[in-house]
Amino acid sequence: MKDTEIKRLLCAHVISVLSIILTTIVPPLFLENFSVLGTHLIWLCICSICVTTVNIILYIILKPNPSSKRISFAHKVTRFLKCCVFFFISCILFHGIIVLYGAPLVESVLETFLFAVLLSTFTTLHCLCMLGPNIQAWIKVFSKNGAMSIWDNSLQITTMCTIVGAWFGAFPIPLDWDRPWQIWPISCSLGATFGYVAGLIIAPLWIYWNRKQLTYKSR
């Protein structure tokens with residue numbers, strides 16, 4: 001395995017982490033009374049947009065899974081539209097799953113949906129950038145020994161860390177501490193964000209540590 005590929009992965013992850021940090025530093029310069037807790041829904045929107053933009057730009061520049069085939073402009077447009085549909089479906093599915101896990105069904109619909117968008121941004125968007133709107137490729141990558149590159153391993157780790165972080169973030173909500181961050185869905189979205197950042201940090205370190213043991217089949 002080439003160390004240069006790991007360096008490219010590390011560089012991409014560092015930029016992604018910095019983009020999330022900037023979503024808490026830059027908005028207060030332009031928005032009055034902005035804070036992650038006080039104006040959480042605005043932060044959810046800013047974070048989702050920022051992470052989406054950065055991921056797409058990084059994918060265009062780095063091209064982690066390049067294709068040897070020449071792709072027509074019409075095919076690129078169709079692929080982009082399919083990705084948009086997949087992302088929207090992912091938001092709806094996450095919204096439904098969150099409600100099944102105890103989120104309010106009628107109340108706080110906007111809060112729940114924006115949290116679902118954040119989860120989709122951290123997980124589904126990554127899959128769409130690297131694998132495209134191909135469910136079979138997704139299933140293959142997330143199956144045992146299904147990773148075809150270090151980028152796929154990174155995808156596995158960041159997705160798992162995001163979901164686990166969101167799950168752990170739900171634990172403080174029912175406790176009677178009466179803290180501002182216990183309001184739905186602040187603790188869950190912060191948990192998902194910390195999980196995503198942890199995944200971005202852990203992935204290149206884990207891949208570098210296990211680089212001699214990692215072998216990949218061609219796609």
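Any Cβ shown, glycine's included, is placed from N, Cα and C.
What TrEMBL says about a protein is an automatic prediction, not a curated fact.
Sequence-remote contacts of a segment are chain residues at least 6 beyond its ends whose Cβ falls under 8 Å from one of its Cβ atoms, and for the transmembrane segment (9-29) they are 35-36, 42-43, 46-47, 50-51, 54-55, 58, 62, 64, 150-151, 154, 193, 196-197, 200-201, 203-204, 207. The transmembrane segment annotation in TrEMBL covers 9-29 (among others).
For 41-62 (among others), the entry in TrEMBL reads transmembrane segment.
The feature transmembrane segment is assigned by TrEMBL to 83-101 (among others).
Outside the transmembrane segment (113-132), and at least 6 residues removed from its termini, the chain residues within Cβ reach (under 8 Å) are 41, 44-45, 47-48, 51-52, 55-56, 58-59, 64-65, 79, 82-83, 86-87, 90-92, 94-95, 98, 138, 141, 151-152, 155, 158-159, 162-163, 166, 185, 188-189, 192-193, 196. The feature transmembrane segment is assigned by TrEMBL to 113-132 (among others).
For 153-171 (among others), the entry in TrEMBL reads transmembrane segment.
Long-range Cβ contacts of the transmembrane segment (183-209) within its own chain (Cβ-Cβ under 8 Å, at least 6 residues beyond either end) map to 6, 9-10, 13, 16-17, 20, 36-37, 40, 44, 47, 98, 103-104, 108, 111-112, 114-115, 118-119, 122, 150, 153-154, 157-173. Residues annotated as transmembrane segment in TrEMBL: 183-209 (among others).
Within the chain carrying the transmembrane segment (83-101), a Cβ under 8 angstroms from the stretch's Cβ atoms is held by residues 112-113, 115-117, 119-120, 123-125, 128, 132-133, 170, 185, all 6 or more beyond its ends.
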